[in-house]
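Undergrad: Structure in structure tokens, see below.
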């Protein structure tokens, strides 16, 4: 009875997380990152080079974008016609830009990104536990198979096949799960391991790492009761991320736009702000500035 109860618990959590990983649609950049019709026309008229970059810089001046291409240019997607947010990449299989894209997984026929990365990690964890549980409970009968302790029926071959399948999947899943646990601890994606994010000042492979605890909370959230359940609890919006870099982008205004002009901050979702500030509360326990207030609060750093 205990084995049956444990088996069905692992099985239901495995199926639940697998289902969520498959059928959770990847998040795409919001409308603020799409070029306006006039900007598209200007971009098409201008020859490739600095003139096009000037159009993109003007379109991205109020967006929380701090990463660049290898040449230092604004990251722009020609197929989706949008300025790419940080950690966003275009998936050639889905033919769309995916927020915080990790990779396109053929096992789930879906892109693994900001919207379903937690589900993918839980899918790996519960599938590993599921296979280990099956291999452990089948081990004694597998030993009896080789010592001729089982009845001579067709079922004995099923037991052997079940143990080999569970054991082989356990080995492959343990390596994959361990790799993604390392990625979470370093706050990296698979794509960022192969190509480190490039900021204006330099390439920094640990630019988004905030420490183990905060990196873990960025994926699983602050509510620990939801960590082991395939429900969305990740922090942030997928478009902007806190970074360990401070005051490294000279193009960003030293004073947030939201403090100087309240009307402008109402027109777009992301007021311009220095690199040390963040929409997420991961960097500091208290917000460094208010988007709605016209005056900085007393005792807080602007």
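Glycine is no exception: its Cβ is also placed from the backbone N, Cα and C atoms.
All TrEMBL annotations are machine predictions without curation.
Per TrEMBL, transmembrane segment is recorded for 6-25, 119-137, 157-179. Marked as domain 'Palmitoyltransferase DHHC' by TrEMBL: 74-193. Residues annotated as region 'Disordered' in TrEMBL: 255-302. Positions annotated as compositional bias 'Polar residues' by TrEMBL: 255-264, 277-293.
Tell me about the setting of these features in this model.
TA: Listed as Cβ neighbours of the transmembrane segment (6-25) (distance under 8 Å, sequence separation of 6 or more from its ends, same chain) are residues 105, 108-110, 112, 115-116, 119-120, 122-123, 125-127, 129-130, 133-134, 137, 228, 230, 232.
Assigned with DSSP, the residues of the domain 'Palmitoyltransferase DHHC' (74-193) fall into helix, strand and coil as follows: 66 helix, 16 strand, 38 coil.
Long-range contacts of the transmembrane segment (119-137) within the same chain: residues 3, 6-7, 10-11, 13-14, 17-18, 20-21, 24, 102, 105, 108, 112, 162-163, 166-167, 169-170, 173-174, 176-177, 180-181, 184, 219, 228-230, 232, each at least 6 residues beyond the stretch ends and with a Cβ under 8 Å from a Cβ of the stretch.
Using a Cβ-Cβ cut-off under 8 Å and counting only residues 6 or more beyond its ends in the same chain, the transmembrane segment (157-179) has close neighbours at 121, 124-125, 127-128, 131-132, 134-135, 138-139, 141-142, 145, 150.
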Undergrad: Let me know the model's mean pLDDT on the domain 'Palmitoyltransferase DHHC' (74-193).
TA: 92
